[in-house]
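Database features (TrEMBL):
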TRANSMEM  6-24  transmembrane segment
BINDING   R93, N147, R285  substrate binding site
SITE      E109  site 'Increases basicity of active site Tyr'
BINDING   C169, H200  Mn(2+) binding site
ACT_SITE  D170  active site, proton donor
DOMAIN    195-417  domain 'Glycosyl hydrolase family 4 C-terminal'
ACT_SITE  Y265  active site, proton acceptor
Amino acid sequence: MKKHSIVIAGGGSTFTPGIVLMLLDNLDRLPIRQIKFYDNDEARQDIVADACKVIIKEKAPEINVVKTIDPETAFTDVDFVMAHIRVGKYKMREMDEKLPLKYGVVGQETCGPGGMSYGMRSIGGVLELVDYMEQYSPDAWMLNYSNPAAIVAEATRKLRPNAKILNICDMPISIENLMAQILGLSSRKEMKVRYYGLNHFGWWTSITDQAGNDLMPQLKAHVKDHGYAIDFSDAGQHVDKSWQDTFKKVKDVYALAPDTMPNTYLKYYLYPQDEVEKTDPDYTRANQVMDGREKHVFTECKRIAENQSTEGSTLEIDEHASYIVDLARAIAYNTGERMLLIVENNGAISNFEPTAMVEVPCIVGKNGPEPLTQGEIPRFQKGLMEQQVAVEKLVVEAYAEKSYQKLWQALTLSRTVPNARVAKELLDDLIEANIDFWPTLK
Ligand code: NAD
Ligand code: G6P
Ligand code: MN
């Protein structure tokens, strides 16, 4: 089997060590000859990459390791770009979450005004990565999970229509892992699903076993009372208390359309006031992550680098991230794996805008994804999705045209924002906070 060269863009991400451990655990499925770390914050990346070097040296010393902040060095001679950048880092995530809360509006990384604010920063960063890849390794594919994925995906569709980029989200993977546990299955891969929506905005319409037997009734019996809540001692990435609350809240989201299973993120659109009430405006998810995951990962990384050994390390393989290997293998070996991806609708949802970026099951092979038809969707979901896709498209148009007006319209149109006056006041706050990142709006 061919050995691959990979660049991890956003090398300093808190998720990098877990993904590296996962890649090393999957070398029989996806052989690797080189791993490069690329970031635009050298000091932050050094902490993570120096530890990853030790990890790789212990487990697979034959793999060549490169850490760099130079795009040419990073993007030359690679087969895959695994991209998880956060433009503005946690400091700006904190702003995205806290500024809307001042107005009693949902403060969230990817949903509502916070997601739009992050989107306006992220688009430029991701386009830059696409351009480096096309310049230095034109045959490579980018596997992108940089957020807000819905807006980033629309931006690459519109502004880089020929880019070899696959946009993917891990939330459905995590939810399917929970569903599998609820159903008593040993793996989510025992399920076959039908699903439609936008990123962080979708519904499962069918879940069967591989023989075609309907698993929905058993799942519904659990979800109507408990949402996706289970015994979380073994739940992987999403184990924090706030995530457990999210999985419980699914009960209320489910109640609105009980013939389907919902994505967790719909709670921000269907119960925005409940979320605002639950949130401490002085200590949001960004604070939890900085005090939790970031502190843990960085402390461990520093210790590994200092000792030049992983002995006693509590860094764990991010098992659920093996979907990234599934995706890379689908491209590399033309496996035809069935996966949920964020792709141009183009008829997959027959009564929905053809150019919308939708999340649907796709068959993935060496030439990319082939979306599977999901047919007509009901009026309730269609109405919600039309409003939300308009928000996402308006944000991208606002970015491309540097238009204040369109961004104001986008904010006003979001279900999370009560009226145009609040939208404008909040927009003006966000412009000020993002002065170093957003294009100057006219
Ligand atoms: P993080 O801040 O720890 O890491 C992001 C890294 O990106 C930082 O080291 C930062 O310096 C770097 N960066 C920022 N702008 C850059 C640029 N223009 N070029 C190169 N590097 C740049 O963040 P994190 O919490 O580890 O998350 C990373 C990203 O992954 C976020 O976008 C997050 O939303 C996303 N994520 C997505 C999914 C999904 O389902 N799609 C799941 C988990 C995380
Ligand atoms: C899920 C979503 C991601 C999001 C992440 C946030 O995995 O699919 O898109 O980035 O949650 O998690 P965090 O722990 O940083 O709040
Ligand atoms: Mn996601």
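Backbone N, Cα and C atoms are what each Cβ position is placed from, and that goes for glycine too.
The model shown is predicted, which means the values in this text are computed figures rather than measured ones.
Put simply, of the recorded positions R93, N147, D170, Y265, the one whose Cα is nearest the Cα of H200 (Mn(2+) binding site) is Y265. Proximity note: of the listed recorded positions (C169, D170, Y265), none has a CA within 10 Å of the CA of E109 (site 'Increases basicity of active site Tyr'). Put simply, Y265 (active site, proton acceptor) is 17 Å from R93 (substrate binding site) when counted between their Cα atoms. Within the set of recorded positions D170, Y265, R285, D170 have a CB atom less than 6 Å from some atom of ligand 1. For the substrate site listed in the record, the two most distant Cα atoms among R93, N147, R285 lie 15 Å apart. The recorded positions near ligand 2, defined by a Cβ under 6 Å from one of its atoms, are N147, chosen from N147, H200, Y265. Here the Cβ of R93 (substrate binding site) has 25 other Cβ atoms within 10 Å, regardless of which shown protein chain they belong to.
Listed in sequence order, the residues R86, Y90, D96, E97, Q108, E109, T110, G114, Y118, A286, V289 complete the 8 Å Cβ shell around the substrate site centroid, once R93, N147, R285 themselves are left out. Relative to C169 (Mn(2+) binding site), the recorded positions with Cα atoms inside 10 Å are N147, the candidates having been N147, Y265, R285. Most buried of the binding-site residues H200, R285, judged by other Cβ atoms within 10 Å, is H200. Between the C-alpha atoms of N147 (substrate binding site) and D170 (active site, proton donor), the distance comes to 11 Å. Within 10 Å of the C-beta atom of D170 (active site, proton donor) sit 19 other C-beta atoms, taking all shown protein chains into account.
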